[in-house]
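*Asks:* Please find one structure pasted underneath; my questions will follow.
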Amino acid sequence: MSRRISIFGATGSIGQNTIDLIARDRAAYRVVALTGGGNIAQLARDARSLSAEIAVTADESRLDDLRAALAGSGVEAAAGRAALVEAASRPADWIMSAIVGAAGLEPGLRALQQGATLALANKESMVCAGPLMLRTARDRGGQILPVDSEHSAVFQALIGEDIAAVERVIITASGGAFRDWPLKDLARATPEQAATHPNWSMGQRITIDSASMFNKALELIETREFFGIAPAKIETVVHPESMIHALVGFNDGALMAHVGPPDMRHAIGFALHYPTRKALPVERLDLVKLGQLTFRDPCETRWPALRLAREVMQAGGLMGSVFNAAKERALDAFIDHRISFLGMAEVVEEVLVSLSSQAGHNAAGITLDMVAEADHLARIEADAVMQRKTW
Ligand code: NAD
Ligand code: MG
């Protein structure tokens, strides 16, 4: 019997890589929902070729365009936030969560409420609402499989292991676009320069977050939330080749590393076929050709986001949501050339200080409303900080 699958954020980088895998074995899957943003032509093309049940654009004003693009195809068209959430409630066995930002949280949560397997690329869900996500999966008989490459690597290294024997988890970072820039030049770095990644091909926002290491900061928090590892046991190291995705260190000194070329179809394919392994169309590493792998210190002067992540993990409660929302606003402003590259961390730090009252809530009892409220407050505060400061 074919598996019912849905892809949230189908038109993005992760979404397209997921479709690439699905399209290679069409008979194995029945596509329920595909969602996208403003890229209507792409969404309609994929929905047609995969014979999806429904295509949803997040952009309410584009419903007529989507309808027109799907005319005669038999694919239902819908638009807007409510339609996205409704699509996530449609019965499916496996659902890819690959919307970018906090906007991905609610559809993912809905998917878990119906007891589906959620393949989670949207790291913001774990950062903002980790305990809620895990609790929902447990209560409804679903499961969450990490798709972030580092977390897929940790997940794989932990199979068959006792979590109590884990001494440390090392999340690797490429260092992004500016890892070799002199520190003094970072102040004038542009969004265009930040949006080019040395190793990975990804969406614009995560690529800029890689240059600032806000992406790594989110991933450290994601590690804490997903695996329940104490913050003191979570480390990061700069690894410019992006071949080792993460390492898990055990109490006997052994380090288990996941090694593979930077291709997200590794992690997506692992989550798609779990608990079995199936052949994937990814490059096989030639170690001799590769020659060497190198590692560097993750300098917190260059990347203050790493220090902020540590503070957020210590604070707990709703600070993950505050951190992510402030970062999203600061990133919007940087992309619009309203603040500088280094200004992003300054804004986020100020918001963390002003909203420190959001720390320490009983994380186990958090609700979607509480997360949404913290997110809302942080966005308002970030805007206020950016108004006050002169850049
Ligand atoms: P992307 O920008 O390429 O795609 C984002 C998708 O989300 C698109 O389909 C877009 O239309 C949709 N979208 C954007 N804003 C939306 C909104 N407000 N409501 C509904 N849909 C919206 O992003 P990406 O690089 O594919 O990343 C997606 C997620 O996966 C992010 O959370 C990212 O951190 C994570 N991730 C990505 C990679 C990667 O290699 N690209 C790796 C690890 C994790
Ligand atoms: Mg990652």
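In case you wondered, yes, glycine gets a Cβ from its N, Cα and C as well.
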*Asks:* What does TrEMBL list, out of Gly175, Gly176, Gly203, as binding the same NADPH as Thr11, Gly12, Ser13, Ile14, Gly37, Asn39, Asn122, Glu124?
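*Replies:* Same NADPH site in TrEMBL: Gly203.
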*Asks:* Going by the Mn(2+) site in TrEMBL, where Asp148, Glu150 are listed, which of the candidates Glu76, Glu219, Glu225 is also part of it?
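*Replies:* As annotated by TrEMBL, Asp148, Glu150 share the Mn(2+) site with Glu219, chosen from Glu76, Glu219, Glu225.
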*Asks:* Given the binding-site residues Ser13, Gly37, Asp148, Glu150, His197, return the subset with CB under 6 A from an atom of ligand 1, ordered by sequence, or none if empty.
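*Replies:* Ser13, Gly37, Asp148, by Cβ distance under 6 Å.
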*Asks:* Roughly how many Å lie between the Cα atoms of Asn215 (1-deoxy-D-xylulose 5-phosphate binding site) and Thr11 (NADPH binding site), rounded to a whole value?
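*Replies:* Distance between the two Cα atoms comes out at 21 Å.
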*Asks:* From the binding-site residues listed here (Thr11, Gly37, Asn122, Lys123, Gly203), select those whose CB sits under 6 A from an atom of ligand 2.
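*Replies:* Checking each Cβ against ligand 2, none of them comes under 6 Å.
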*Asks:* Rounded to the nearest Å, what's the C-alpha distance separating Gly37 (NADPH binding site) and Lys123 (1-deoxy-D-xylulose 5-phosphate binding site)? Just drop the number here, would you?
*Replies:* 19
*Asks:* Per DSSP, what is the helix/strand/coil residue tally across the domain 'DXP reductoisomerase C-terminal' (260-379)?
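*Replies:* Within the domain 'DXP reductoisomerase C-terminal' (260-379) the tally stands at 72 helix, 1 strand, 47 coil.
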